[in-house]
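Please read the structure below before turning to the comments.
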Amino acid sequence: MARGPGDTEMGEASAGTAGTANATNNNSLPCADAAADAATTAAPSVDFRCTHALSGHTKAVAAVKFSPDGRLLASGSADRTVALWDVASGARVNTLAGHACGVSDVAWNPNGRYLATAADDNSLKLWDAETGACLRTLTGHTNYVFCCNFDGAGGHLLASGSFDETLRLWDVRSGRCLREVPAHSDPVTSAAFSYDGSMVVTSSLDGLIRLWDTQTGHCLKTLFDRDSPPVSFAAFTPNAKYVLCNTLDGRAKLWDYAAGRTRRTYSGGHVNNQFCISSGFLSGGSSSSNGDLGCSMVVTGSEDGALVAYDINTGRVVGRGAPAAAEGAAAGAAAGEGGAGGAGGHSAAVLSVNVHPTAPLVATGGHHPDNSVRVWAASRVAAAAEPVPGA
């Protein structure tokens, strides 16, 4: 298993230990199971139209991230490079090269001046987004660095997760590792801050989700399912009240971490049994990065090449960006670098999903041999809603 087919090759995940974890309760809400059953037949209420099919990477695209102002899109690939794209035109405006192995993740600092990258060469790099210059290389991890994220409050902290099973917190101004946390018993697949920077959530192939106090490094909560499927992604909702996770049993789940139970399960619309696929939150006009929940849908990738949207409240499938037909994929490859060549879906698994900060746009990255970045415009998006009313 891996996010992509580059230099990273994961072993089989082992079941997590119970520890201080909280048992889940998928039946806590009457509509949870019904929503999952209805997912495959729900009428779509959002349309996804591919506006740009961006080519140029020669291996799988493991990460896509919009800049905070939404003007640029960064894509990290197993080909060892990061591409910067102009969102409006689809033009490739810069290429960041310097890692010795494939790039697994990218992250923007809050003001968009800097970019961090995580790679299979066991390092992270900090880049000047305008000039493309590498400013600093962060070393210390002893295995693949799989994920990274800046804190949204000040942007001075960077969290990284690795196959060495640790979470590290870095001071990006000095490049010093402030804290090394033995976080899991298997590779760490995601590390993300709450919007105010006070907490970090990590996920792992050991089947556990853990919440950490940023200042002390203490574990605040451990979440796990009864069958402990490997957890491939986790992130806080914009208001940090819930945690969304993806598991390698074809499900995404919304956790009420304070109560220690899942509130919603999203399944039936996407396939996810092999790769670490990221997800995002989409609202009536944008994603949200502040204290307001501001999201009505969960959007995730699928191993069949689709982009899938679920209603965050009901768990029903409400939209789908369809994968490309074989002939459409060939046309896209022939179109060359940049532009809107192909103008359809992916021809291989969608590994990465990211939502634009202010517009109803979603970016996706494709597995080899697709190797493309797609930008999708969402229309007929419902207004933002508070998930799990009354929870």
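Backbone N, Cα and C atoms are what each Cβ position is placed from, and that goes for glycine too.
Here TrEMBL gives region 'Disordered' for one range in the set 1-22, 265-286: that range is 1-22. Restricting the average to the repeat 'WD' (138-180) gives a pLDDT of 97. The DSSP breakdown of the repeat 'WD' (224-265) into helical (H, G, I), extended (E, B) and coil residues amounts to 0 helix, 23 strand, 19 coil.
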